[in-house]
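Single-structure report; data block below.
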Ligand code: SF4
Ligand code: F3S
């Protein structure tokens with residue numbers, strides 16, 4: 001079991017989540033963060049920290065976001081670690097809840 005960053009993080013990327021993770025298992029891409037599934041200890045601390053509710057326990061991930069399990073696993077291997085909060089994109093609020101954001105994922 002692991003926690004998973006889902007679609008609503010794309011282009012929102014508030015990074016509040018990284019500040020609370022006790023094992024520093026977040027990895028950062030251009031407009032999205034992922035959790036390394038082998039490093040996450042399932043503490044659940046990050047889930048309530050995300051202002052746009054983008055983090056899920058793997059077993060509570062909405063069915064239409066199951067592709068994000070594989071994306072977190074794959075991208076955590078290639079993106080750099082992030083442990084400190086940074087400013088969200090200026091237009092983050094406009095992207096909160098927008099559907100179909102997967103097409104905007106930058107690698
Ligand atoms: Fe880190 Fe805990 Fe969130 Fe896993 S559940 S990513 S260990 S804060
Ligand atoms: Fe993304 Fe939410 Fe973290 S928007 S960067 S999962 S606080």
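Cβ atoms are placed via backbone N, Cα and C, with glycine included.
The compositional bias 'Basic and acidic residues' annotation in TrEMBL covers 98-107. Secondary structure by DSSP for the compositional bias 'Basic and acidic residues' (98-107): 4 helix, 0 strand, 6 coil.
Within its own chain, the domain '4Fe-4S ferredoxin-type' (1-30) is flanked in space by residues 36-47, 49-59, 61-62, 65, 68-69, 72, 75-76, 79-86, 88-89, 91-92, 95-98, 101-102, 104-107, which lie at least six positions past its ends and keep a Cβ under 8 Å from the stretch. The domain '4Fe-4S ferredoxin-type' annotation in TrEMBL covers 1-30 (among others).
Sequence annotations record features per position, and here TrEMBL assigns domain '4Fe-4S ferredoxin-type' to 31-60 (among others). Sequence-distant neighbours of the domain '4Fe-4S ferredoxin-type' (31-60) (same chain, 6+ residues past either end, Cβ-Cβ under 8 Å): 1-25, 69, 71-73, 75-77, 79, 82, 89, 96-97, 104-106.
Annotated region 'Disordered' per TrEMBL: 86-107, in sequence order.
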